[in-house]
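Per Swiss-Prot, the feature motif 'Q motif' maps to 10-38; the stated evidence is a curator's inference. Taken from Swiss-Prot, the feature domain 'Helicase ATP-binding' applies to 41-233, supported by sequence analysis. For Ala54, Val55, Thr56, Gly57, Ser58, Gly59, Lys60, Thr61, the entry in Swiss-Prot reads ATP binding site, with the evidence type sequence analysis. Annotation source Swiss-Prot lists motif 'DEAD box' at 181-184, citing a curator's inference. Sequence annotations record features per position, and here Swiss-Prot assigns coiled coil to 510-581 based on sequence analysis. Taken from Swiss-Prot, the feature compositional bias 'Basic and acidic residues' covers 514-529, 551-563, 584-595. Annotated region 'Disordered' per Swiss-Prot: 514-614, in sequence order. What Swiss-Prot records for 530-541 is compositional bias 'Basic residues'.
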Amino acid sequence: METREGSLTWSVLKCDLHPWIKEAIKSLGYPTMTPVQASTIPLFSGNKDVVVEAVTGSGKTLAFVIPVLQKLSNRLYNIDEEGENPEPVKKGHMLSIILSPTRELAKQIQTVFDKVLEYIPEDKATIKTQLLVGSLSSVREDIDYFLTNKTHILIATPGRLLDFLSSNYVKTNSVEIAVLDEADKLLDISFERDVIKILKQLPKQRRTGLFSATISSAGDTIFRTGMANPVKIVVKSKNSKNAAPTSLNVSYMHVEPETKISALIALIKDYRFQKCIVYFPTCTSVKHFYSVFQTLVNVEEEDRYKFFSLHGQLSTKPRLKTLQNFSEGDSMLHKHVLLTTDVAARGIDIPDVDLVIQLDPPTDPDVFFHRSGRTGRANKVGQAIVMLNNNSREEDYVNFMEVKGMTMSNMECPNISKIHDKFQKKFRKYMLEDRARHELAIKSYVGFVRYYSKHMASSIFRLQTLDYVGLGKMYGLLRLPKMPESRYIPNEEMPEDGWLGDVIDMDKYEYADKQKEESRKKNLEEDKARKVHDAKKRKELKVKNEAWSSKTDKIETKQERREKMKRKREAIEKQLMDDSSSDEETKVDWKEMVKTNKKKKTPSDSMQGSFDDL
């Protein structure tokens with residue numbers, strides 16, 4: 001089923017709603033239905049499973065709230081054919097489950113339910129809701145509240161609901177209707193396993209509804225939800241080529257990375273709005289720039305703006321409190337600016353949001369639709385802007401999103417020549433005041449590079465084309481950190497030793513927190529002492545190594561001398577041997593001569609003597 005945007009009166013609805021529901025709709029100020037409500041309510045209130053895809057801000061929440069309350073009213077209030085009152089709900093049983101990917105959206109859905117439930121007549125039993133999200137309370141406390149309060153509708157995030165259903169005190173046999181809001185997100189890899197486990201615990205005869213602005217991205221996974229012959233309802237804008245509602249204008253802006261924050265400040269100052277949502281890529285970047293804006297922008301502008309910070313690293317209570325303050329704050333007194341991540345991208349319905357700014361495109365193109373859809377809701381005019389880096393392939397993102405059904409117009413970057421240099425000087429001074437600020441800036445910078453590398457449109461968002469130096473200046477870095485991606489910086493653009501400005505002595509760069517600074521100095525002294533000690537040890541080791549080397553040389557010299565003496569001794573012995581052989585021959589000759597002479601002597605000769613002395 002395919003419908004176009006438009007409005008219809010509730011009187012033409014092909015479904016006989018309970019009188020109290022009609023009264024609630026009228027009292028809450030909904031004089032007409034939106035197309036998605038007119039198409040969905042009759043089918044989902046009956047016996048049809050539905051898969052609903054409609055542009056953001058088209059009224060999808062009410063399109064499932066009314067069918068859920070209609071079914072529960074039939075179960076709790078209708079007298080059967082025999083005139084008997086309906087059977088009461090057993091302890092530990094619930095009648096409906098609503099799943100949401102985020103705590104903020106779950107809380108918002110509960111708020112819509114509770115507003116309608118205020119109009120239940122006093123003579124009828126109250127229909128009760130319960131919020132199940134992490135960090136608000138323990139699972140044990142949730143179960144105790146459920147059993148005591150006899151809850152009918154559970155509105156939950158998948159992880160907490162799965163823990164909740166693991167209790168033996170909780171039964172799912174009576175569930176009649178289940179809803180997956182932002183179903184494409186619930187059926188992606190991050191939630192799919194938990195969601196399928198939950199749905200398998202529910203009765204097969206239940207009714208199931210899937211709702212999202214981009215449900216088609218869920219693909220074949222929807223068939224694993226246990227739906228029986230679901231009806232697909234697609235609600236398009238009047239301009240069927242554009243997935244955005246006609247009240248929403250989406251633009252792109254080419255900006256140098258270095259000047260991106262200056263451009264953002266210029267937009268916040270010059271654009272007329274009551275509430276603005278600015279999307280950052282990571283939680284650390286939200287924390288970093290929230291502090292920057294609170295310190296620099298508000299001081300200069302005398303608190304003309306009220307900044308809010310919302311991200312996934314906040315616990316549940318602060319997140320919900322921040323969202324409430326941003327939603328209910330007096331935007332006529334101060335311009336309200338919410339700095340956030342994709343935690344506030346889906347389903348959040350905040351009144352009077354006129355402007356949405358995306359500092360960088362999201363890694364998932366489907367999220368682009370959801371981010372942009374936080375403004376231009378309920379036929380109110382809204383402006384969404386995405387910043388694209390100059391001198392990169394990011395300009396191809398415009399054509400990429402057009403293929404996805406999102407048409408964007410070009411918007412000129414505001415004139416920032418007067419404010420950029422002034423802001424950069426203040427930014428650097430701000431960074432030098434506290435070492436912790438620089439550490440957070442480095443984490444934000446590194447986190448963004450990781451974020452950039454995970455883009456689904458990897459042919460457009462390439463690490464090789466990223467302006468790392470400009471990006472470092474945008475985050476206020478004093479020096480680029482050493483990381484593998486730095487190899488993509490051309491040699492002629494790489495600052496000397498990574499410094500983005502004047503070189504500073506990092507040993508003297510202090511924390512503003514005195515306790516932290518004392519600890520740093522202590523660690524610094526210990527490091528210096530350790531370095532001196534290590535240097536001394538290395539010197540001793542060197543001397544030791546040299547002594548061993550000298551000893552080895554002596555041993556080798558001695559060995560050589562021994563071999564030389566051996567060779568000399570052998571030479572002498574050989575000479576002696578030669579001399580000994582010659583003497584033997586001489587001795588033999590002499591003996592022969594003596595022998596010969598003896599033979600020549602006569603006897604007279606032997607008796608002859610001299611008598612001269614006589």
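If you go along the chain as it appears here, the first residue is 1 and each next one adds 1.
Cβ from N, Cα, C; glycine included.
Location within the structure of each feature annotated in Swiss-Prot.
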{"residue": "Ala54", "record": "ATP binding site", "Cβ contacts under 8 Å, 6 or more apart": "Pro35, Val36, Lys60, Ala63, Phe211, Ala213, Ile233, Val234, Val235"}
{"residue": "Thr56", "record": "ATP binding site", "Cβ contacts under 8 Å, 6 or more apart": "Ala213, Ala244, Pro245, Leu248, Phe369, His370, Ser372, Gly373, Arg374, Gly376, Arg377"}
{"residue": "Gly57", "record": "ATP binding site", "Cβ contacts under 8 Å, 6 or more apart": "Pro245, Ser247, Leu248, Asp349, Gly373, Gly376, Arg377, Ala378"}
{"residue": "Gly59", "record": "ATP binding site", "Cβ contacts under 8 Å, 6 or more apart": "Met33, Thr34, Val36, Gln37, Ala378"}
{"residue": "Thr61", "record": "ATP binding site", "Cβ contacts under 8 Å, 6 or more apart": "Gln108, Ile109, Val112, Asp181, Gly347, Asp349"}
Mean pLDDT across the coiled coil (510-581) comes out at 79
Apart from the site residues Ala54, Val55, Thr56, Gly57, Ser58, Gly59, Lys60, Thr61, the 8 Å Cβ neighbourhood of the ATP centroid comprises Thr34, Val36, Ala63, Ala213, Val235, Gly373, Arg377
Spatial neighbours of the compositional bias 'Basic residues' (530-541) not adjacent in sequence (6+ beyond its ends, CB under 8 Å) are none
Thr61 (ATP binding site) falls, by three-state DSSP, under helix
Per DSSP (helix/strand/coil reduction), Ala54 (ATP binding site) sits in strand
Secondary structure of the compositional bias 'Basic and acidic residues' (514-529) by DSSP, residue by residue, totals 16 helix, 0 strand, 0 coil
Per DSSP, the motif 'DEAD box' (181-184) contains 2 helix, 1 strand, 1 coil
